[in-house]
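According to TrEMBL:
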SIGNAL    1-21  signal peptide
TRANSMEM  40-64  transmembrane segment
TRANSMEM  71-89  transmembrane segment
TRANSMEM  95-115  transmembrane segment
TRANSMEM  127-147  transmembrane segment
TRANSMEM  159-178  transmembrane segment
TRANSMEM  210-230  transmembrane segment
TRANSMEM  242-267  transmembrane segment
Amino acid sequence: MNRFIALLVFSQFACTSVWFAANAVLPTLITAGLLPENALPYLTGAVQLGFILGTFTFALLNVADRFSPRYVFLTAALVAAGSTAALLLPNMQYGGMLSLRLLTGFALAGIYPVGMKIAADHHPEGLGKALGFLVGALVLGTAFPHFSQAFLGQTDWRLVILSTSVLALLGGLTLGLGTQDGPHRKAGQKIAPWAFLHVFRAPKFRSAAFGYFGHMWELYTFWAFVPFLLSAYSAQHALDPLPLSLLAFSCIAIGMGGCIVFGLISIKKRARSTCRLGPKPLLTLLPEQPIFLPSTE
């Protein structure tokens, strides 16, 4: 891994740590009466909706092509860090938190996809390896708030929000000021709002896009509910108090290894073959009934 990829991977990890920052402290806030018990889907959905709106906006306006992608990344990181830190403002209400989470999701559209664009500008050949590390960093960043909650959140939940905000700031500054634009970058393209309709005419792109849509739908649902599934399982089986935050971190972060391994495999095998290879062994592990549901016997 060269210096640039190392900096990009760190920045991606650091900036995506704000994605589930509020989710990690959600049980604490609900117990304290600061949020309603049904806050999980709304807080999670606000970030995801913001991300969808952001990605469409960035794509329609060709933001990462018309402007330096590393400065786009930096600007988005500053917004993500600021909107996350703003959760700590005095007298913050539920509606305000939802709005800030929506803004954070919008900013993440300038981090995750733009980070992949930056990687392609530097490494058009052997891109699978770079993207494997990059998406692995996203996975680790997404899991990090639970790690922070396990150690800092026991003292004060605000430290979790603060730590992820500072990380996002550092990540943005690292990539924005510590690197250069890639030699393969194509800049200065005009705004073409309807160009996205043309790319969907390509069957391979269309298949990949809808496949990725389905993947993101199930993945982020699982990540959002992991702590609550673990908590329900612990309560159902009357187990001693489990380190739920640490277990949630482990369940999510383990995916980083898969990203890196299959990114490396994709260099020697076709991308389609690699995608087929990954899920097949997991199908044999599916239980007859999800372990967190009550038994029907």
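Positions of Cβ are set from backbone N, Cα and C atoms, glycine also.
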Touch test for the transmembrane segment (159-178) and the transmembrane segment (71-89), at least 3 Cβ pairs under 8 Å: yes
Chain residues outside the transmembrane segment (210-230) and at least six past its termini with a C-beta under 8 angstroms from it: 20, 23-24, 26-27, 40-41, 44, 48, 142, 146, 242, 244-245, 247-248, 251-252, 275, 292
